[in-house]
Every structure is written in C-alpha cells, then in structure tokens.
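J.: Below is a structure I'd like to ask you about.
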Amino acid sequence: MAARGLLLASFLLFSCFAETYGMISFSSLPRTLVVTASHRQGLLKADEDKITVIWGLNQSFPAGTDSAYTTIKVKLCYAPISQVDRAWRKTVDHLSKDKTCQFKIVSRPYSNTNQTFQWTIERDVPTATYFVRAYAFNAEDHEVAYGQNTDAKKTTNLFEIQAITGRHVSLDIASVCFSAFSIVALMGFFFAEKRKGRKAQQ
Amino acid sequence: MEVQGTVPESHPPKFTLPVDTEHKATEFRLFSVAAPHMRAFHLAWVSFFSCFVSTFAAPPLLPIIRDNLNLTSTDIGNAGIAAVSGAVFARLAMGTACDLFGPRLASASLILLTTPAVYFTSIASSPVSFLLVRFFTGFSIATFVSTQFWMSSMFSAPVVGTANGVAGGWGNLGGGATQLIMPIVFGLIRHTGADNFTAWRIAFFIPALFQTLSAFAVLIFGQDLPDGNFRGLQKSGDKPKDKFSLVFYHGITNYRGWILALTYGYCFGVELAVDNIIAEYFYDRFNLKLHTAGMIAASFGLANVISRPGGGIISDVVAKRFGMRGRLWTLWVVQTLGGVFCIILGQVGSLSASIAVMIAFSLFVQAACGLTFGVVPFISRRSLGVISGMTGGGGNVGAVLTQLIFFKGSKYSKETGITLMGVMIICCTLPICLIYFPQWGGMFCGPSDKQTEEDYYMSEWSSTEKEKGLHHASLKFADNSRSEKGRRVKAAALPTDESSPTQV
C-alpha cells in the first residue's frame with residue numbers, strides 16, 4: 001500500500017518534471033540517433049550549396065529503444081563560436097527556451113531504416129558556423145531523443161555558411177540618387193533664398 | 001522705410017491668435033494651422049517626428065539585421081550608442097545656429113544633410129558600416145532644439161510649456177511609431193516576395209523619403225518669428241544680428257543650463273536608451289514574435305502623445321499658482337517617480353506586469369521631459385538657443401552614458417541594467433534642488449526682494465550693447481515673464497506689475 005503510494009507519488013513527480021509542457025531538458029535526452037552531414041569543401045553559400053543529411057537509429061542500442069519515436073526533425077544549429085556575445089542564439093538546457101537550433105532542415109515520420117535528405121541552404125540563413133542535429137519526437141510532440149553530426153563538445157565536423165547579402169544593384173543606385181537629390185535640393189533652396197533677398201534689396 | 005527700435009511698424013501684422021508685445025501667441029490652438037504660430041507648430045513637430053522615426057528605425061528590425069550583418073551584442077550596443085552620441089554636439093551646434101540663423105534654415109539644413117545616412121542604411125554590409133549610418137542618422141534628432149527654440153519664439157510664457165511639450169512629445173512619438181511602422185513595412189515588402197535580408201533594406205526608404213519631404217515643407221511653409229524670417233528682419237533692421245561668441249558665452253556660463261543638461265539626460269536620455277533596447281528586451285526575454293515585441297516597444301514611445309504634452313501643460317498650470325517654484329518642484333517629483341518605476345520594471349518577470357510598469361514608467365519619464373522644457377525658456381533670453389542646445393545635448397549624453405554603462409555587451413542582463421538605470425535616474429534628478437532664480441526663487445528658497453525679472457535678463461547685456469538698443473527683445477520678454485511669480489506672490493506684490501510697462 002505504502003509502496004504503491006510512493007510509486008504513484010514518484011511517478012507524478014517525475015511526470016511533472018519531465019512531461020510538463022516545455023520543461024524537457026536537453027541533458028535528459030539519450031543520444032540514440034546517428035547523424036552525418038556531407039557537403040562540398042570550403043565555405044558553403046546560402047541559396048547555392050547543398051547539404052546531404054543521413055540519419056538513423058544507432059544499432060548498438062537495444063531493440064525497442066525507438067518504440068516511442070513518431071517524427072524526426074532535422075535542424076541546423078549554431079556552433080559555440082557563433083554563439084559568443086549573441087544572447088539570441090544561446091544554448092539553454094530547457095528545450096523550450098533553447099535557441100541553438102533555429103532552422104528546420106526537414107521533418108519526416110520516423111522510419112527504422114536510415115534516411116537521407118538533400119537540403120539547399122535557404123536564403124535567410126545567416127553567416128555562421130553550424131552543425132546538424134536531429135530530434136526524435138513522440139506522439140505528443142515532445143522530444144525524446146537526439147543525434148548530431150558533431151561530438152558532445154560541438155567541436156568536430158562543423159561547417160561554415162555564408163549568407164546572401166540581401167543587397168541589389170538597383171537598391172544601391174536608388175540610395176545614391178536619392179541622397180544626391182536631397183543635398184542638391186537643399187543647395188537649390190539656399191540659392192533661391194539668396195536671390196529673393198537680393199531682389200528685395202534692389 | 002523708417003526703423004524704430006525693434007517694433008516693426010511698416011504695416012502692423014494681423015494675427016489669428018491673440019499675441020503679446022513680442023507678437024508671440026498667448027493661446028495654443030491645437031487644431032488650427034493658422035500662420036505663423038500654429039503652422040510653425042505643425043511643421044516643427046512633423047519634421048522632428050520624421051527624424052525620430054529614422055533614428056530609431058533600426059531597433060525593431062534588429063532581429064533580422066543582426067543576422068544579415070553578423071552583428072554581436074557588442075556591435076549592437078555600440079551602434080545604439082553611436083545613434084544618440086552624434087546629436088550631443090549637434091544639439092549644441094543647432095542651438096547656436098538657431099540663435100544666429102533662425103530655426104527654419106537650421107532645422108531644414110540638418111534634416112536634408114542627414115537623409116543620405118538613412119538612404120545609405122539600405123546598403124550597409126558590416127558592423128562598421130551599420131554603426132556609421134546609425135551615427136550620422138542620429139545627428140538629425142538635434143532638430144529637437146530647433147523645435148523647442150521655434151516654439152519658444154512663437155508662443156508666450158503662459159503657453160510656452162504646453163507648446164514645447166506638445167511639439168517635443170509628438171516628435172518623440174516617432175521613436176514609438178517607428179517600432180510599429182518598420183515591422184509593418186518590412187512585413188508588406190516580404191509579402192511581395194523579397195527575402196528577409198532584402199526587405200529590411202527596402203523598408204528604410206520609407207523613413208528616408210518622409211524625412212526629405214518634411215524638410216521641404218519646413219523650407220516652403222515655415223517662418224522663424226511671428227514677424228517674419230531672421231534674414232528679412234535682420235535686413236530691415238527689426239532684429240539686430242547678434243554675435244556668436246557672446247551668445248555662446250552667456251549660454252554656457254549660466255549654471256542652470258548645466259543642471260538641466262544633467263537632469264534631462266535622466267529623463268530624455270533614458271527614453272532614448274529604452275527606445276534602443278526595449279524591442280529586443282521583450283523579443284528575447286518573453287520569446288515573442290517580432291511583430292508583437294515591436295507593438296509593445298511602440299507603446300513606450302507612443303505614450304509621448306499625451307505624456308510629454310501633459311508634462312508641459314502641468315508645468316504651465318502649476319506656474320499659474322506657484323510660479324517657477326511650482327515648475328521646479330513638479331519636475332523633481334515626476335522625474336523621481338519615473339526612476340522608481342524604472343527600478344520596478346527591471347524586477348517584474350511576467351509579461352503583463354512588465355507592460356503595465358513600462359507604460360507607467362514611460363508616462364512619468366516623458367512628462368519629466370515636458371516639465372524640463374517648461375523651465376528652459378526662462379533660463380536665458382539672449383542665449384535661448386544655446387541653453388536649449390545644452391539641455392538637449394545633455395539628454396543625449398545621458399543616453400550615451402546609460403547605454404555604455406548598462407546595455408553594452410553582455411556584462412549585465414537587460415533586466416539588471418534597467419533596474420540600475422532607475423537608481424541612477426533618482427540620483428541624477430537631485431540637482432534640481434540647486435536651481436535658483438533670484439526673481440522667483442528655487443525649490444527650497446524664496447525669491448530675493450531686490451531682484452526683478454528685468455535685472456535677471458538685462459544681466460546678459462553689457463552697457464554698450466544697451467546703449468545700442470540691442471536688449472529690447474529681452475526687456476519685453478522680462479515683462480511678459482512676470483507671471484512666473486505665481487498668483488500668491490503677485491497678490492502681495494506691488495500693483496504696478498499688472499499694468500502695461502512703460503518702455504524707455
């Protein structure tokens with residue numbers, strides 16, 4: 001009786017900690033997925049280059065580990081060097097507050113076999129150093145496992161992406177023209193005022 | 001054409017509003033556009049509004065810009081400081097320019113000279129270029145000084161606080177409106193298919209164009225003084241040309257200007273600092289959408305529509321009964337309360353409480369700004385521009401200091417920075433106790449019986465200058481400012497105060 005009460009209490013407590021909406025912590029997730037990301041050598045360009053991501057369950061785990069996995073979401077995540085002095089990219093243990101992985105590469109229903117996806121880097125990805133992480137979600141859409149293409153300290157297999165500038169030649173020309181117009185107009189007004197003053201004196 | 005002293009009599013001008021002996025309006029009619037008084041008011045506040053929109057156009061879009069230009073928190077902090085530091089000296093220069101060339105030319109020139117910086121924001125490509133465009137764009141908010149100078153030239157003592165407060169407040173509104181306008185413009189441009197990183201660039205053309213057009217309006221429709229423009233009046237001999245060195249000297253040697261420069265840094269300066277950080281604060285701390293953070297941040301600046309004018313009106317209302325002493329006391333109380341609410345803002349952790357406290361904070365801090373410029377017009381008549389410039393510049397110094405100490409890099413979290421800023425507000429408001437006008441008194445001391453308004457304002461002119469008759473405008477002002485004695489003292493004073501003065 002007492003044992004059951006204790007079990008119930010601890011179960012409730014556990015579920016409060018782990019299953020309360022938004023309170024899942026990253027450190028509680030097992031790393032059961034294997035993720036690799038391949039790309040061409042050198043600096044990758046947004047909107048041009050592609051990254052091929054392969055993910056699957058790590059076979060060294062016992063069977064049944066993946067029984068709760070319903071969806072896999074693969075994300076592009078900031079490496080530590082790109083998080084320095086940028087609080088809006090901070091890594092925080094509580095997943096709902098974590099800002100490490102801000103770009104979704106792909107979302108697929110979970111499958112037992114290894115999955116591949118080729119992703120063209122999107123136009124709104126900023127210049128930074130990245131790695132790839134995959135989260136496994138259960139039916140309630142809570143994270144239950146993860147995998148990433150880098151080590152635990154996030155130092156290996158990182159890659160750099162360079163963003164588009166967003167600038168266009170037409171914008172540059174418009175800026176220069178409008179600026180010149182403002183200055184010329186000001187000089188024009190001064191000139192007109194002086195002429196009015198001289199005329200009034202005559 | 002005969003020239004008699006400083007009274008233009010070729011054809012006595014007819015004014016729509018009632019005026020005093022200097023032809024300054026003694027009433028403030030908000031919904032009129034009658035030339036020259038109310039027209040000047042509307043031109044002044046709209047052009048100043050456009051400058052504020054441009055200067056603070058970047059903060060609401062920072063979540064996009066920081067990714068496009070690869071900015072760090074330090075870069076963002078530096079750019080925010082740069083945006084308000086340029087105007088420190090620009091405001092002082094503007095004050096002098098107003099004294100010498102008139103507010104119409106001074107403000108329109110500055111506005112047109114800074115619009116290129118806004119256009120060039122569209123082509124910024126690095127942290128350095130971003131800092132530079134924000135620095136040069138920030139010069140434009142020196143038009144605050146020309147706005148206040150213009151209002152103090154057009155409106156008489158009983159309504160000058162109100163005129164200054166409404167013009168200043170509705171201009172400052174730009175800092176709040178931009179937090180709404182820019183995300184909306186950005187959203188519309190994105191809707192047409194542009195990328196994030198292009199859309200924000202195009203969005204900057206809107207404030208830039210608005211600024212250009214408002215400068216044109218000032219040049220075409222504006223007029224420096226009730227009687228005409230500086231140049232015209234100087235040529236006809238109706239307004240003597242003053243010397244820069246003397247105007248400057250009499251401004252900077254008046255200690256009251258320095259005290260208000262400090263205290264203004266802790267109402268207006270704080271307002272600028274908050275304009276720079278508040279959208280990011282709500283976006284990051286409460287995980288809001290860009291649009292929502294922008295709306296909340298906007299409400300801080302939008303409170304200016306009533307708070308700053310309210311401060312000006314309260315200043316005038318209090319002055320009717322208690323004179324200058326009432327203006328000073330009210331300023332101190334309101335600004336200190338602003339500091340208290342600032343401390344609370346940094347402490348509250350829930351979104352709704354934060355919004356409520358932020359609105360209270362904005363009301364008090366902005367009312368303090370209005371109250372400050374209820375006092376400024378009386379500190380000097382000859383060097384009104386320089387004093388306005390010093391006070392205005394002090395406001396920007398406060399903004400620079402506050403951001404440097406509390407909001408640069410990652411030393412303090414934004415919440416802690418906000419609380420500490422509140423403490424600093426309370427401390428830096430205390431010097432108001434030291435302001436003393438011999439003819440009206442200060443917070444703790446009554447007026448001296450021996451000094452009159454004329455003595456105070458004539459001390460700015462040497463005897464040679466008085467012989468040349470350069471001081472007549474100041475004499476008129478001294479007479480018109482007698483209302484600053486307040487009602488109680490007036491009743492006890494000699495009856496000659498009420499009758500029209502006899503000019504020598």
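Each Cβ is built from the backbone N, Cα and C atoms, and glycine gets one as well.
No curator has checked TrEMBL annotations; they are predicted automatically.
Grabbed the feature section from TrEMBL, which reads as follows:
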type	residues	note
REGION	B:466-504	region 'Disordered'
TRANSMEM	B:40-64	transmembrane segment
TRANSMEM	B:76-93	transmembrane segment
TRANSMEM	B:105-124	transmembrane segment
TRANSMEM	B:131-150	transmembrane segment
TRANSMEM	B:170-190	transmembrane segment
TRANSMEM	B:202-222	transmembrane segment
TRANSMEM	B:328-349	transmembrane segment
TRANSMEM	B:355-379	transmembrane segment
TRANSMEM	B:386-406	transmembrane segment
TRANSMEM	B:418-437	transmembrane segment
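What's the neighbourhood like for these features in this structure?
T.: Panel annotation: around the transmembrane segment (B:105-124), residues 44, 47-48, 50-51, 54, 57-58, 69, 90, 94, 97-98, 130, 132-137, 139-140, 142-143, 146-147, 150, 201-202, 204-205, 207-208, 211-212, 214-216, 218-219, 222, 224, 230 of the same chain, lying at least six beyond its termini, place a Cβ under 8 Å from a Cβ of the stretch.
Sequence-distant contacts of the transmembrane segment (B:131-150), counting only residues of its own chain at least 6 positions beyond either end whose CB sits under 8 Å from a CB of the stretch, comprise 40, 44-45, 47-48, 51-52, 54-55, 58, 75, 78-80, 82-87, 90-91, 93-95, 97-99, 103-104, 106-107, 110-111, 113-118, 120-121, 124, 164, 167-168, 171, 211, 224, 373, 376, 384-385, 388-389, 392, 395-396.
Counting only same-chain residues 6+ beyond the ends of the transmembrane segment (B:328-349), those with a CB under 8 A from a CB of the stretch are 263, 266-267, 270, 311, 314-315, 318, 322, 357-358, 360-361, 364-365, 367-368, 371-372, 374-375, 415-426, 429, 432-433, 435, 442-443.
Only residues 6 or more beyond the boundaries of the transmembrane segment (B:355-379), in the same chain, are considered here, and those with a CB under 8 A from a CB of the stretch are 148, 152, 157, 160-161, 164-165, 168-169, 172, 254, 256-257, 260, 263-264, 267-268, 270-271, 274, 278, 296, 299-301, 303-304, 306-316, 319, 324, 327-328, 330-331, 334-335, 337-338, 341-342, 344-345, 348, 387-388, 391, 395, 425, 435, 437, 481, 484.
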J.: Could you tell me what the rest of the chain brings near the transmembrane segment (B:40-64), counting residues at least six beyond its ends with Cβ under 8 Å?
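T.: Non-local partners: 28, 33, 71, 76, 79-80, 83-84, 103, 107-108, 111, 114-115, 118, 121, 130, 134, 137-138, 140-141, 143-144, 146-147, 150-151, 154, 163, 166-168, 170-175, 177-183, 186, 196-197, 199-200, 203-204, 207-208, 210-211, 213-215, 217-218, 221-223, 275-280, 283, 290, 293-294, 297-298, 301.
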J.: Under 8 Å between C-beta atoms and at least six residues away from its ends: which parts of the chain pack against the transmembrane segment (B:386-406)?
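T.: That would be 77, 80-81, 84-85, 87-96, 98-99, 141-142, 144-145, 148-149, 152, 247-248, 250-252, 254, 256-258, 260-273, 276-277, 369, 372-373, 376, 379-380, 412, 416-418, 420-421, 424, 428.
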